Amino acid sequence: MADIATRELRQPIDIAEYLFRRLHEVGIRSVHGVPGDYNLAALDYLPKCGLHWVGNCNELNAGYAADGYARVNGIAALVTTFGVGELSAINAIAGAYSEFVPIIHIVGQPHSRSQKDGLLLHHTLGNGDYNVFSSMNKGISVTTANLNDTYDAATLIDNAIRECWIHSRPVYLALPTDMITKKIEGERLKTPIDLSLPANDPEKEDYVVDVVLKYLHAAKNPVILVDACAIRHRVLEEVHDLIEVSGLPTFVAPMGKGAVNETHRCYGGVYAGTGSNPGVREQVESSDLILSIGAIKSDFNTAGFSYRIGQLNTIDFHSTYVRVRYSEYPDTNMKGVLRKVIQRLGFIKADPVPHISNALPEHEKNSSEQRITHAWMWPMVGQWLKENDIVITETGTANFGIWDTRFPSGVTAISQVLWGSIGYSVGACQGAALAAKEQGNRRTVLWVGDGSLQLTLQEISTMIRNNLNPIIFVICNEGYTIERFIHGWDESYNDIQTWDIKGLPVAFGGKGRYKGYKVTTRDELTKLFASEEFSSAPCLQLVEVHMPREDAPASLKITAEAAASRNK
């Protein structure tokens, strides 16, 4: 017989089912994670809620994969188990928090009674403290909630999902085993979660818009600089419209790659201080007004803090404030302000932008060199990429090399420039490729170094298991290149064991389901790029790209030198 509380419910539903139906509502179709005894019963609810269980090789990789999935899909979910599982994932969650990536982290916990009694259970620290792990997550989550009471479980779930979306950062939900089947009111599901941004105060917003327009109309050579938070806080439509209406020269920071249509007439390239193309650097740094949208001024995003633009010439647009020169307007999100700026802009005088293309530099065109170098390869990559590709680059040479690639339209760029956890890109590739498959099978391309690959290569197994077909290029240059440029060029700690990389998928049960390649010359890579079969991505493909150990993009060398000097 149902208890009194259940009989009072109009549409009783189990907490786990309610949670997973809410995930489906906000667009999640696949859930990453690793099964554990405290989350197993909850996983039984996934199929009936229209959700696919991915099943990763470990929780860290699952967290990276959820991150990649969220960057393509908009939001992601991760399920781990208490203690050992959630702590394995915590590095990935910290990276998502750092880089504004929305992940709903669901942690299966022991029975509420066991927690109350302080039992000495497995996966605990042996001290009866069952809050210690959720406390660890508080600093890297917008909100943490324990679903240990039917009275407010639905409210906590809805609020957490809304906070995750609005702030574009992870949230943490603890689900004790005894609460999985507890009944709550399912009638709430008829009302979708409100994911709309809180409106700005109209009077304040209008004032900020007037101030922005005053400086913009007074400027002689203004430019637009777009960065990562324009992507994360979903103002790309406003950015596109601002570019169209104003015609202003538009540049992106490294973390902003993919935010702007790079085939647009106003696109001028990547600005990263001294790591920039000279023409880009000159135009940005000589501008008398920079409209900076969603900036993250980290060391790797600015080529070692080498920006030469003053706050006196800058208007910063962010998700929670707008700063005009040295005056800050808090509690004013950029989405509403940008929309009104676009509507009221009128005529603006715009300078032409530097010509950016994927043409090879002259010294590379005329070279008889057959070794594959970064200066030669990245423009070639730009020529090979297709519209709507998803391009993932690992921390290291790939992250910096991609600056020299002009994307076709519709490309999504994924990297982890701020958090910079090596190995991230392999897990992110699995999640991104899965989201792409759900959306219609956009091509997913990964560039990763041989050193970084060794941290997370198990996710190639997950790619095979889920029938994903990314093209994975592995830069084989005998170890940790960016670390060599920072410190210890010839030291053994920057070396790695050489692997037969193109043969790895066989060990993961992928025999006959993938293709492996090894290229050591420019002619070989050019021939591979020209192959229609290869470029159509019919299956998972793994390419060893052998490059000189001493070679690196110029921007990496500049940034590494700055990092080395700060470490002394």
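Heads up, the Cβ atoms here are built off N, Cα and C, so glycines get one too.
His123 (pyruvate binding site) falls within neither a helix nor a strand when secondary structure is assigned with DSSP, and so counts as coil. The pyruvate binding site annotation in Swiss-Prot covers Asp37, His123, Glu483.
Annotation for Thr397 (thiamine diphosphate binding site): same-chain Cβ neighbours under 8 Å, separated by at least 6 residues, are His374, Gly449, Ile475, Asn477, Thr481, Ile482, Ala552, Pro553, Leu556. Secondary structure at Thr397 (thiamine diphosphate binding site), as computed by DSSP, is helix. Per Swiss-Prot, the feature thiamine diphosphate binding site maps to Thr397, Gly420, Ser421, Ile422, Gly451, Ser452, Asn477, Glu478, Gly479, Tyr480, Thr481, Ile482.
Sequence annotations record features per position, and here Swiss-Prot assigns Mg(2+) binding site to Asp450, Asn477, Gly479. When other Cβ atoms within 10 Å of the Cβ of Asn477 (thiamine diphosphate binding site) are tallied across all protein chains shown, the result is 24.
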Nearest-integer angstrom distance between the alpha carbons (Cα) of Gly479 (thiamine diphosphate binding site) and Asp37 (pyruvate binding site): 38
Sequence-distant neighbours of His123 (pyruvate binding site) in its chain (C-beta under 8 A, six or more apart): Gly36, Tyr38, Thr81, Phe82, Gly83, Val84, Gly85, Pro110
Most crowded position, judged by CB atoms within 10 A, among Ser421, Thr481 as binding-site residues: Thr481
Neighbour tally for Gly451 (thiamine diphosphate binding site), based on other Cβ positions within 10 Å of its Cβ: 23
Rounded distance in angstrom between the Cα atoms of Ser421 (thiamine diphosphate binding site) and Glu483 (pyruvate binding site): 13
Between Gly451 (thiamine diphosphate binding site) and Glu483 (pyruvate binding site): CA-CA distance (Å): 11
Asp37 (pyruvate binding site) and Asp450 (Mg(2+) binding site), distance between Cα atoms, whole Å: 35
Winner by Cβ contact number (other Cβ atoms within 10 Å) across the binding-site residues Asp37, Asp450: Asp450
